[in-house]
Amino acid sequence: MNTPNTVTVRVPAKVNLQLAVGPARDDGYHDLVNVFHAVSLFDEVTVTAAGPHATPDAPQLSAEAQTGPRAGVPLDGTNLASRAARLAAGACDRPCPGRIHLRKNIPVAGGMAGGSADAAAVLVACNTLWNAGLSEGELGSLAAELGSDVAFPLLGGTAVGTGRGEQLTPLDSPGRYHWVFALSETGLSTGAVFGEYDRLRPDAPAPRRDPELTRALAAADAAALGAALSNDLQRAALSLRPDLEGVLRAGRAAGASGALVSGSGPTCAFLAGDEGTARALAAELERSGACQHTVVAHGHVAGATVVG
Ligand code: ATP
């Protein structure tokens with residue numbers, strides 16, 4: 001059978017609608033209730049097969065940024081996309097892909113799981129490139145080996161993650177929601193934010209799913225969803241980046257029905273009642289100087305998809 005030489009996969013960013021974080025476990029991880037929502041801010045990942053005689057032990061990486069700086073994307077074997085390629089090659093008993101090119105729209109170290117999205121895209125691309133026939137479950141198991149946030153972008157939509165966040169259950173969410181993301185010039189380290197969380201909340205309770213959020217999603221009620229958005233990591237992110245308080249305040253004042261730090265930050269996410277309000281809100285955030293760069297997006301959208 002003919003197999004392609006190059007496969008391109010489009011993969012979405014996520015915002016957390018609820019992120020409830022338990023105390024640090026003995027293994028260093030935290031138990032989470034993590035409601036993921038895939039939004040229309042996409043990276044495009046192109047994977048090229050190794051040449052017929054080549055047996056590279058790691059793909060050659062390149063990256064370009066469509067929005068914001070590409071700085072911070074490692075181009076060596078530590079990149080999650082490269083790790084995904086090596087894991088897939090081992091699982092499928094194939095030579096590692098020759099090249100991976102990342103077209104990044106998802107902010108780097110922005111709390112929107114861009115690296116995890118790229119890793120998920122590589123798993124899907126390799127599966128297609130080699131016609132390997134890995135099932136959704138097999139792809140999900142490989143994703144969970146790479147990190148807690150890698151399985152969700154395979155699935156997309158809206159889903160709740162438990163355990164470390166990697167045990168996913170899709171949620172009933174018929175609505176379409178309009179978002180504004182306020183990007184930051186510099187990233188925040190996820191590890192540093194969890195460390196600050198442990199310092200601030202040594203007594204954190206076990207994480208619980210918020211029934212108001214589940215109801216708002218099932219009813220496609222944007223106002224109720226805005227009121228129910230929550231992120232336990234927000235206080236820790238604001239402690240490390242107090243300037244984000246002003247961004248959140250500006251977004252609320254400009255008409256957002258909900259505002260929160262996305263994941264471990266520093267991207268701030270604003271829910272708007274409709275697309276027009278989202279565009280006006282983005283313009284006002286930039287005009288007022290609260291933030292230099294915004295992106296308007298909607299959710300939810302499908303997970304990693306082969307586009308070429
Ligand atoms: P998360 O919310 O999943 O913790 P994040 O969205 O805050 O992550 P990423 O963009 O995934 O952040 O990047 C976190 C760090 O991972 C970066 O600072 C970078 O050093 C490293 N990294 C590894 N692979 C990638 C990738 N493909 N794209 C961007 N960063 C990557």
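Any Cβ shown, glycine's included, is placed from N, Cα and C.
Positions annotated as active site by TrEMBL: K14 (among others). When Cβ atoms from all protein chains are considered, those within 10 Å of K14 (active site) total 31, not counting its own.
Marked as active site by TrEMBL: D149 (among others). Counting every protein chain shown, the Cβ of D149 (active site) has 27 other Cβ atoms within 10 Å.
The ATP binding site annotation in TrEMBL covers P107, V108, A109, G110, G111, M112, A113, G114, G115, S116, A117. When Cβ atoms from all protein chains are considered, those within 10 Å of A117 (ATP binding site) total 34, not counting its own.
For the domain 'GHMP kinase N-terminal' (79-157), the DSSP counts in helix, strand and coil order read 44 helix, 7 strand, 28 coil. Feature annotation from TrEMBL assigns domain 'GHMP kinase N-terminal' to 79-157.
Annotation comment: TrEMBL describes 215-289 as domain 'GHMP kinase C-terminal'.
What TrEMBL records for 52-74 is region 'Disordered'.
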The one of A109, A113 whose CB sees the fewest other CB atoms within 10 Å, among these binding-site residues: A109
Structural state census, the domain 'GHMP kinase C-terminal' (215-289) (DSSP three-state): 41 helix, 11 strand, 23 coil
Binding-site residues near ligand 1 among P107, G115, A117 (Cβ under 6 Å): G115
Cβ within 8 Å of the mean position of the Cβ atoms of P107, V108, A109, G110, G111, M112, A113, G114, G115, S116, A117: remaining residues of the chain near ATP: A13, I106
Between K14 (active site) and P107 (ATP binding site), the C-alpha gap once rounded to whole angstrom: 11
Intrachain C-beta neighbours of G115 (ATP binding site), sequence separation six or more, cut-off 8 angstroms: N79, L80, A81, V108, G147
